[in-house]
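To start, the structure under review is shown below, and the notes come after it.
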């Protein structure tokens with residue numbers, strides 16, 4: 001019975017990155033032997049055990065054979081005669097197929113270290129095509145390691161394209177698609193996840209609402225990049241630079257879905273995209289079972305972002321109306337979410353990446369002033385019911401006017 005550290009822990013250590021989780025592989029053991037040593041079995045599909053003290057995962061070496069469509073159609077074989085090399089062969093990428101012995105010696109039968117040195121994401125074997133989830137995983141790894149200069153091997157991209165054409169991705173469940181997308185939102189370059197999916201044709205399958213933006217023109221006067229899809233990728237990049245918050249990053253990626261629905265006769269204008277975008281956002285979130293906080297923030301940004309772009313000339317009462325609409329009094333975090341997404345939107349344009357965005361400062365100043373208005377004096381003055389709400393709006397509008405006037409004069 002031999003134990004090896006495998007997968008991401010070995011890879012990240014070799015890259016000089018922080019190792020978060022450690023996964024172990026056990027060769028030459030049976031489930032009975034593991035249980036006898038105090039390990040707790042947790043895997044139902046294949047033998048995985050938790051260490052009695054560290055609670056880290058220990059999996060018995062196994063092989064996998066395709067038995068059906070999708071990512072669940074596998075027959076797993078786990079026995080003491082399965083070798084280390086056989087287990088590593090079933091893994092997706094060479095950089096994830098390196099094992100380490102307790103003394104630190106590396107076992108690297110598929111040249112993962114060489115690919116790490118050359119910054120290449122390359123599949124281990126032709127069996128890569130048997131699991132459609134790997135298309136999304138490679139896209140996510142590409143997003144995670146893009147800042148280090150990693151690229152995908154041409155032959156791996158070719159396999160991913162073949163899998164898309166073969167219809168393999170249609171077997172993916174909504175939960176698995178969302179899980180990979182959500183993980184990509186935590187990477188250094190979330191826009192690369194979408195770029196890779198677009199490159200291999202998968203974006204049209206798993207996120208057709210985003211894919212539909214590519215090729216749709218915008219006015220060159222405001223959008224030198226012209227293409228709505230390119231703009232979306234640029235906004236996604238800007239949002240990632242502005243905030244680590246996954247909800248904000250998601251909202252930025254889907255805020256312009258309505259532009260794909262603009263009438264062709266109106267192009268390159270998109271006058272109704274803020275309203276038109278609500279339906280595809282709802283459809284996308286329902287299909288992929290996106291959590292409600294992601295969905296609601298995305299809908300808010302979609303509905304309001306064009307208004308905020310005109311904050312320089314917006315009337316105080318309009319600010320108060322918007323703050324009411326987004327439920328900012330109960331959910332103050334929405335104001336900063338909206339401000340950051342709008343800043344990302346404004347900067348997600350060719351040549352405007354470093355523009356100042358005073359509109360965000362005006363919005364935040366308006367909210368800060370309105371929030372400080374106390375309702376108690378209004379109630380004490382004898383107002384009741386709807387009259388309280390009306391008076392509160394009047395007082396908030398007056399406070400907002402004082403707060404934003406100096407900022408608007410700078411615009």
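The backbone N, Cα and C atoms fix where each Cβ goes, and this holds for glycine too.
Annotation source Swiss-Prot lists CTP binding site at 8, 11, 91, 137, 140. In the three-state DSSP reading, residue 91 (CTP binding site) counts as coil. Listed in sequence order, 7, 97, 124 are the same-chain residues at least 6 apart in sequence whose CB falls under 8 Å from the CB of residue 91 (CTP binding site).
Residue 8 (CTP binding site) falls within a helical segment according to DSSP. Shown in sequence order, 19, 21, 23, 96 are the residues of the chain, 6+ apart in sequence, with a C-beta less than 8 angstroms from the C-beta of residue 8 (CTP binding site). What Swiss-Prot records for 8, 11, 91, 137, 140 is ATP binding site, and it gives sequence analysis as the kind of evidence.
The Mg(2+) binding site annotation in Swiss-Prot covers 21, 23 and is backed by sequence analysis. In the three-state DSSP classification, residue 23 (Mg(2+) binding site) falls within a strand.
Feature annotation from Swiss-Prot assigns domain 'HD' to 228-329; the stated evidence is sequence analysis.
Most other Cβ atoms within 10 A: among the binding-site residues 21, 23, that distinction falls to 23.
Reduced to three states, the DSSP call for residue 137 (CTP binding site) is helix. Binding residues for CTP (8, 11, 91, 137, 140) extend across at most 16 Å, taking the greatest CA-CA distance. Within the set of binding-site residues (11, 137, 140), the lowest number of other Cβ atoms found within 10 Å of a Cβ is recorded at 137. Listed in chain order, the extra residues whose Cβ falls within 8 Å of the Cβ center of the ATP site residues 8, 11, 91, 137, 140 are 7, 92, 93, 95, 96, 141.
Per DSSP, the domain 'HD' (228-329) is made up of 78 helix, 0 strand, 24 coil.
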